[in-house]
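J.: Below: one structure in structure tokens.
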Amino acid sequence: MSASPPPSSSSAPPVSQKAFHVSWDQFHRDARALAWRLSASGPFSSMIAVTRGGLVPAAIVARELDLRLIDTFCVTSYVAEGVQGEVTVLKGVAAEIAAGAGAGVLVVDDLADTGATVKQIRALLPKAHIATVYAKPLGGPLVDTYVTEVSQDTWIYFPWDLGLSFQAPIADARR
Ligand SMILES: O=P(O)(O)OC[C@H]1O[C@H](OP(=O)(O)OP(=O)(O)O)[C@H](O)[C@@H]1O
Ligand SMILES: O=c1[nH]c(=O)c2nc[nH]c2[nH]1
Ligand SMILES: [Mg+2]
């Protein structure tokens, strides 16, 4: 799968140079690995999935940790690949879950990049346990648990954003 170079913008974080393509199988394994790590933390009474990317790992982690009370925190910030706009909260969390500043609440997202999204969640729920599958150096220190770190100049391509496509033989590039 080839990656088109991301667009640049003066307000954007460092333009990604590298591409990390994640298959469904790999994502499932990494989300399970996150659940294994989280099983040593907690216990958690409820979960918050950070939409949209957090919905997929949240389902996998909830299944592994037998969590059934799940809310969403609906937020968006990236307007295009590598181009971050304002972090906009479209929907907060239910009062009963937010009660107690998030104590006993597990928050799950697919990744922490600049950490802007995690900062929003931390401000709302300072006692929550925030977990992501992947993290970049700026976001990783703000997260309580993650599985794999990639460099800041790597763009992660998630399986729900990918499709199968023809690959030209390597020899073609040398002609
Ligand atoms: O650490 P940050 O720089 O805040 O970036 C990480 C966030 O960006 C992406 O979400 P996005 O806002 O693009 O929305 P999506 O989940 O709907 O794709 C990703 O799913 C994280 O939630
Ligand atoms: O698909 C994505 N890959 C990334 O690396 C990333 N960083 C922020 N938002 C992102 N979305
Ligand atoms: Mg997201």
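Including glycine, each Cβ sits where the backbone N, Cα and C put it.
Copied straight from TrEMBL:
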DOMAIN    23-166  domain 'Phosphoribosyltransferase'
BINDING   R52, G53, D109, D110, L111, A112, D113, T114, G115, A116, T117  5-phospho-alpha-D-ribose 1-diphosphate binding site
BINDING   D110  Mg(2+) binding site
BINDING   D113, I156  guanine binding site
BINDING   D113, T114, G115, A116, T117, W155, I156  GMP binding site
BINDING   D113, I156  xanthine binding site
J.: Which ones in the same chain are close to the residue listed as 'Mg(2+) binding site', with CB under 8 Å and 6+ residues apart in sequence?
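T.: Expected: V50, G53, G54, V56, P57, T132, V133, Y134, I156, F158.
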J.: Would you mind sorting out which binding-site residues among D110, T117, I156 put a C-beta under 6 angstroms from ligand 1?
T.: D110, T117
J.: What does DSSP say about L111 (5-phospho-alpha-D-ribose 1-diphosphate binding site): helix, strand or coil?
T.: strand
J.: Translate the DSSP assignment of A116 (GMP binding site) into the three-state scheme.
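T.: Going by the DSSP assignment, A116 (GMP binding site) falls within a helical segment, counted as helix.
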J.: Highest Cβ count within 10 Å among the binding-site residues T114, T117: which residue is it?
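T.: For the binding-site residues T114, T117, the Cβ with the most other Cβ atoms within 10 Å is T117.
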J.: Just to verify a number: CA distance, R52 (5-phospho-alpha-D-ribose 1-diphosphate binding site) to A116 (GMP binding site), in angstrom, no decimals.
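T.: R52 (5-phospho-alpha-D-ribose 1-diphosphate binding site) and A116 (GMP binding site) have their Cα atoms 15 Å apart.
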J.: Would you identify the secondary structure of R52 (5-phospho-alpha-D-ribose 1-diphosphate binding site) according to DSSP, in three states?
T.: coil
J.: Any idea of the Cα spread of the GMP site, D113, T114, G115, A116, T117, W155, I156, as a max distance in Å?
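T.: Output for GMP binders D113, T114, G115, A116, T117, W155, I156: max Cα distance 17 Å.
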J.: Return the member of L111, G115, T117 nearest to W155 (GMP binding site) in space, with distance defined Cα to Cα and candidates limited to these binding-site residues.
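T.: For W155 (GMP binding site), the spatially nearest of the binding-site residues is L111.
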J.: Using the residues the record lists for 5-phospho-alpha-D-ribose 1-diphosphate (R52, G53, D109, D110, L111, A112, D113, T114, G115, A116, T117), what whole-number Å value is the largest Cα to Cα distance?
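T.: Max span of the 5-phospho-alpha-D-ribose 1-diphosphate binding residues, Cα based, is 17 Å.
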J.: Which of the binding-site residues R52, D109, D110, G115, A116, T117 have a Cβ less than 6 Å from any atom of ligand 2?
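T.: List returned for ligand 2: none.
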